[in-house]
Structures are given as C-alpha cells and as structure tokens.
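S.K.: This structure is in structure tokens; I'll ask about it shortly.
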Amino acid sequence: MQKLAVYVYIYLFMQIAVDPVALDGSSQPTENAEKDGLCNACTWRQNTKSSRIEAIKIQILSKLRLEQAPNISRDVIKQLLPKAPPLQELIDQYDVQRDDSSDGSLEDDDYHATTETIITMPTESDFLVQMEGKPKCCFFKFSSKIQYNKVVKAQLWIYLRQVQKPTTVFVQILRLIKPMKDGTRYTGIRSLKLDMNPGTGIWQSIDVKTVLQNWLKQPESNLGIEIKAFDETGRDLAVTFPGPGEDGLNPFLEVRVTDTPKRSRRDFGLDCDEHSTESRCCRYPLTVDFEAFGWDWIIAPKRYKANYCSGECEFVFLQKYPHTHLVHQANPRGSAGPCCTPTKMSPINMLYFNGKEQIIYGKIPAMVVDRCGCS
C-alpha cells in the first residue's frame with residue numbers, strides 16, 4: 001500500500017513538472033498559445049494593411065488612366081495652382097475626408113443629397129483659333145456628369161489686376177455666337193460696375209448658371225466667352241492670359257451639382273480598432289497619406305480614410321451564406337471557404353494634376369471600405 005502511494009506521488013510530481021499549473025489555475029501552454037494567436041493576428045493584419053496600401057496606389061493610377069504618377073514638383077504646383085477662394089475652400093474641405101459610414105441606421109451616402117464642386121479650367125477651342133484677332137478668353141469643356149437639371153450654382157471667377165487709386169471698373173462678359181449676317185459675333189451675358197480700391201488685385205465671381213444650363217442643353221452653342229474689364233482710362237484689368245508673376249490667376253468656372261440617390265438600408269458589419277482582439281471578419285481603420293508617398297500631384301484630399309478588412313470567416317458564422325456552407329459540406333476538400341472582403345465601398349472626390357499639368361476633378365469609385373463581410 002505504501003509502495004502504491006509512493007508511485008502515485010511520483011506520477012503527480014512528474015505531471016506537474018511537465019505541465020506546470022499557474023497560481024490562477026490556467027495552464028502556461030494555453031496562455032502561450034493565446035499570445036501566439038494574438039501575435040499571428042497582428043502580423044496578419046499588418047500584412048493586410050501593407051497590401052491594401054499598395055493596391056490603393058495601383059487602383060488610383062489605373063482608374064485615372066495614368067501609366068505612372070505624374071512627375072510634378074511642389075514648386076511647379078505652386079505656379080500652376082489657381083489662387084482662388086473657391087478652390088482653397090475645396091482643398092480645406094477635403095484635407096481629411098470624414099468617415100461617416102458607422103453613423104445612423106441608413107446609408108448616409110445613399111440617402112442624403114450629395115453636392116459636388118467641379119473646377120473647370122479654360123481650354124483651346126477650334127472656333128476661337130479661327131477667329132480674326134485674339135479673343136479675350138475662354139472656352140470651357142464640361143464633364144458628362146454635369147446635367148443641366150442638376151446644376152445648383154455656376155460661377156465664373158475672374159481676377160482683376162490692382163489699381164493705383166480708387167477706380168470704377170466696368171466688367172462685361174460676352175458669349176461667342178456663330179457670325180450673323182450683320183457680322184455680330186457676341187451676345188451679352190453679364191455687365192456690372194465695380195468700385196476698386198488701391199492695393200492688391202481681387203477675385204470677382206459672376207453668376208453664369210443660366211448660360212451653363214443652355215450650353216448643356218445645346219452643346220453646339222458653346223463656342224466660348226470673352227471677358228472685358230476696363231477702368232476709366234480704358235486699361236484692361238482682367239487677367240485672361242496670365243503674364244509674368246500671374247501664375248494661378250486664370251479665369252475658371254466653379255460648378256456645383258447635386259443629386260439624391262436611391263434610399264437603401266444599411267447591412268451592418270463589424271468595426272474594430274488596431275487593438276481589437278476580435279478574430280472574426282472586421283473593418284479596421286487605415287488612413288492613406290498621399291504626401292507620405294511623395295504624390296504631390298494630388299491636390300486634394302491630402303489624406304483620406306481608406307480602411308481595410310481582416311479576420312477569419314468560420315463556417316459557424318455563415319448563416320447569411322447558406323449556399324457557401326452547403327458547398328463546403330458537400331465537398332470540404334475542394335472548397336477554399338469564404339474570405340473576409342469589402343461588401344460595401346464608396347468613392348472619393350479628388351483634385352489632381354494629370355501628366356499634361358492640367359487640373360482635373362474626378363470621383364474615384366470604390367476607394368473607401370465602408371463595410372466588411374464573408375463571401
């Protein structure tokens with residue numbers, strides 16, 4: 001009997017030595033396994049984040065139809081960028097894009113009206129080239145996304161050079177038309193009288209909404225405009241073709257369009273932060289910083305919240321995808337299983353320089369992960 005007790009004691013001692021028990025009752029190997037699991041999850045998320053950033057770079061260039069990032073220095077950008085109030089407001093607005101995808105029970109971006117501001121710069125026109133003499137500006141091409149019944153606001157911005165004394169300036173905006181029998185080539189759009197004080201030049205906006213809507217209804221009538229701004233001595237103060245020291249002072253159109261998309265219900269997914277221990281498929285935050293890439297050619301936004309998906313898709317959580325579960329049950333070896341992937345994405349608005357040093361406005365689709373799921 002005593003020998004049996006000794007054997008039992010030795011057996012228990014060896015078990016403790018091989019598998020020591022912590023004071024709180026948990027085993028050390030279990031704790032290590034949990035730590036290893038968390039480390040593996042962190043490593044996986046870090047790799048996923050890096051892959052997401054590289055994919056974003058490729059997607060942006062591809063969707064903008066650019067073979068490579070435009071090579072434009074910051075000094076050149078300062079010369080080309082219009083120094084106008086509405087553009088600066090737009091840059092400030094998109095400096096850091098907000099992430100509203102988790103607010104409310106409805107899709108904010110699908111339910112509320114969204115307004116876009118489009119900055120259109122003047123381009124060359126065959127009609128202007130064929131005219132005798134040099135017109136005082138300007139021909140504008142318009143994006144197909146601008147529909148006449150969606151235009152909320154259309155402002156022509158012109159820069160007036162400084163004056164040396166209090167001066168009255170007469171501004172006239174003319175629309176070019178096909179020559180009439182009497183030789184008329186212009187029709188008036190707007191005329192106004194301004195009082196200018198000595199000092200720096202000023203930006204002046206003129207409402208051209210009606211004209212723009214007519215152009216959109218009848219594109220063939222868009223032949224361009226002429227801008228005149230004379231002081232009392234006959235000096236033209238309007239900057240139409242910028243001279244030395246007048247970079248960024250070109251005339252341009254600021255157009256605001258609005259639309260109210262179809263209302264839809266939100267299908268919630270999981271949202272996590274970088275310190276989360278959640279193992280299931282989840283959306284994690286990721287801020288893309290274009291300046292960190294050296295992509296100075298992107299005017300706005302400089303940063304935006306892209307987000308990414310990471311996590312496991314276990315079959316026990318797949319009530320939403322019964323067909324996937326049935327396929328796995330029928331052929332478990334041949335099914336790779338569902339992946340954690342974006343189930344809803346939204347676009348970002350972007351102002352950027354293309355390879356020809358032109359300022360372009362565009363909406364890039366599917367750049368923000370709003371929701372993640374298993375599919």
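Including glycine, each Cβ sits where the backbone N, Cα and C put it.
So Swiss-Prot says this about it:
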SIGNAL    1-23  signal peptide
CARBOHYD  N71  N-linked glycosylation site
DISULFID  C272-C282  disulfide bond
DISULFID  C281-C340  disulfide bond
DISULFID  C309-C372  disulfide bond
DISULFID  C313-C374  disulfide bond
S.K.: According to DSSP, collapsed to three classes, what secondary structure does C340 (disulfide bond) have?
M.R.: strand
S.K.: I'm trying to understand the geometry here, so how far is the Cα atom of C309 (disulfide bond) from the Cα atom of C272 (disulfide bond), in Å to the nearest whole number?
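M.R.: Rounded to the nearest whole number, the Cα-Cα distance is 10 Å.
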S.K.: What kind of secondary structure is C282 (disulfide bond) part of, going by DSSP in three states?
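M.R.: Looking at the DSSP assignment, C282 (disulfide bond) belongs to a strand.
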S.K.: Per DSSP, to which secondary structure element type does C372 (disulfide bond) belong, with helix, strand and coil as the options?
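M.R.: The residue in question, C372 (disulfide bond), is strand (DSSP, three-state).
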S.K.: Could you tally the C-beta atoms, other than its own, that fall within 10 angstroms of the C-beta of C313 (disulfide bond)?
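M.R.: Around the Cβ of C313 (disulfide bond), 18 other Cβ atoms lie within 10 Å.
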S.K.: Hey, of N71, C281, C340, which of those recorded positions are within 10 Å of C374 (disulfide bond), Cα to Cα?
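M.R.: The recorded positions close to C374 (disulfide bond) (Cα within 10 Å), listed in sequence order, are C281, C340.
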S.K.: Could you state the whole-number distance in Å separating the C-alpha atoms of C372 (disulfide bond) and C340 (disulfide bond)?
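M.R.: On Cα coordinates alone, these residues lie 7 Å apart.
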S.K.: Could you state the CA-to-CA distance between C281 (disulfide bond) and N71 (N-linked glycosylation site) to the nearest Å?
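M.R.: Between the alpha carbons of C281 (disulfide bond) and N71 (N-linked glycosylation site) there are 39 Å.
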